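All remarks here apply to the structure that follows.
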Ligand SMILES: NC(=O)c1ccc[n+]([C@@H]2O[C@H](COP(=O)([O-])OP(=O)(O)OC[C@H]3O[C@@H](n4cnc5c(N)ncnc54)[C@H](O)[C@@H]3O)[C@@H](O)[C@H]2O)c1
Ligand SMILES: N[C@@H](CCO)C(=O)O
Ligand code: NA
């Protein structure tokens, strides 16, 4: 790129997000040029199959199956193909060749972000990834830049649109999980392989990225405790409603005494909490910082056009840097906090157990909790069929390890016929 020339943009991938990125680059070219200070020239779109049917907005003359060659012709490389390889090698080649890069690929950043951050730092180029976490919602930049002078203590939120959509459809329309996942796929929310959504891998990758930024500490997806939504039953959803809760897949990253814990799991959220009203594929994230207090970020967390908005925001920013000089922030991992296992998390459980309905049973159950130092907040008893009763126990905050050990011992208690469900309670 010469000083007055266009900024050459290469697009890698032309699926749900890529098509919308191409649309914005092609249809808003004049306005984008004014914002950047130079035209953004889309020089090519790398695809797997150049002959495949495409949205008419995609200029077929731009399509190429030679992604490596395309990367060499660009000042800014936008990666929206997903997956680990060849995305990783292509981004590294782009960076080493002096291009700035924008990616929506949380799976790659969650697994191997530090390699890319280090390469971008060495090459003196930008690596931006707003679309990788919570789609359209400005979240990466506020955490990385706006809160750079504060100390974040907790990040808590809904960061996967597909699972939120699925749980919402189960709760409000009684849909089965599979049927709701198919709808999420049709709407462009789900990953190419939707098990990444329902098993919590996508949310775990986002939690790792957010935790790294929030705590200035390297957190990989392997450090994140992960439970997806496959074990959430219609009965859990119905019971949650009865007790004034909704089931949400939450990502939680928080400071504990001398480190951090990062976890993704379904949890009960009281209906009065703002996270409970997050419907469909929307995302919402609370960030708590020492001076700022509580901040809430809300918006569309998935879908082609919303995600493309975040991608374009990054493209404009990195292109401006190329036109005007300067560069965005680099990875900050100076705090190097210990990432503890979920056992060290402080949380609350709701446990539903089916027990013999006879004198002394409640006391035996309560003693198991007490034996692990877990304090009970409420107990509700409902008559089940025959000579059995269902107890619903909600605890006060305790160490996750103590809560988990309590559940193991409960299952072994002779008066307990079955542990029917165990869910963490957050946001109360
Ligand atoms: N869809 C969303 O709501 C959303 C939101 C945020 C982030 N993302 C991320 O954006 C990326 C793209 O997601 P998507 O929903 O557009 O996926 P998609 O499956 O619709 O599109 C990916 C496209 O890349 C192409 N591709 C894959 N490997 C390729 C290769 N080697 N060479 C050329 N083309 C290749 C595929 O053929 C496909 O057309 C992923 O990293 C995803 O995690 C998606
Ligand atoms: N599959 C992801 C896309 C957005 O990152 C989701 O459902 O949230
Ligand atoms: Na975002």
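The backbone N, Cα and C atoms fix where each Cβ goes, glycine too.
Annotation comment: TrEMBL describes 12, 13, 14, 15, 16, 17, 18, 19 as NADP(+) binding site. Sequence-distant neighbours of residue 16 (NADP(+) binding site) (same chain, six or more apart, CB under 8 Å from its CB) are 188, 303, 304, 307, listed in sequence order.
The NADPH binding site feature in TrEMBL is assigned to 106. Under the DSSP three-state reduction, residue 106 (NADPH binding site) is assigned to helix. Proximity of residue 106 (NADPH binding site) to non-local residues of its own chain (separation of 6 or more, Cβ distance below 8 Å) is seen for 129, 132, 133, 202, 205, 206, 209, given in sequence order.
Long-range neighbours of residue 191 (L-homoserine binding site) (same chain, six or more residues apart, CB within less than 8 Å of its CB): 82, 107, 162, 197, 202. Taken residue by residue with DSSP, residue 191 (L-homoserine binding site) is part of neither helix nor strand, so it is coil. As annotated by TrEMBL, L-homoserine binding site applies to 191.
In the three-state DSSP scheme, residue 206 (active site, proton donor) is classed as helix. Its Cβ taken as reference, residue 206 (active site, proton donor) is surrounded by 30 other Cβ atoms within 10 Å in the chains shown. Summarising the annotation, TrEMBL assigns active site, proton donor to 206.
Sequence annotations record features per position, and here TrEMBL assigns domain 'ACT' to 350-427. Summed and averaged per residue, pLDDT over the domain 'ACT' (350-427) gives 96.
Around the Cβ of residue 14 (NADP(+) binding site), 25 further Cβ atoms fall within 10 Å across all displayed protein chains.
Comparing Cβ neighbour counts within 10 Å across the binding-site residues 13, 15, 18, the minimum falls on 15. Look at residue 13 (NADP(+) binding site): DSSP puts it in coil. The recorded positions near ligand 1, defined by a Cβ under 6 Å from one of its atoms, are 13, chosen from 13, 19, 206.
Close to the recorded NADP(+) site, the chain also has 11, 20, 21, 22, 80, 81: residues not among 12, 13, 14, 15, 16, 17, 18, 19 whose Cβ is within 8 Å of the site's Cβ mean position. For ligand 2, the recorded positions lying close by, meaning a CB under 6 A from one of its atoms, are 191; the full candidate list was 13, 14, 15, 18, 191, 206. Residues of the domain 'ACT' (350-427) grouped by DSSP class, helix first, strand second and coil last, total 24 helix, 35 strand, 19 coil.
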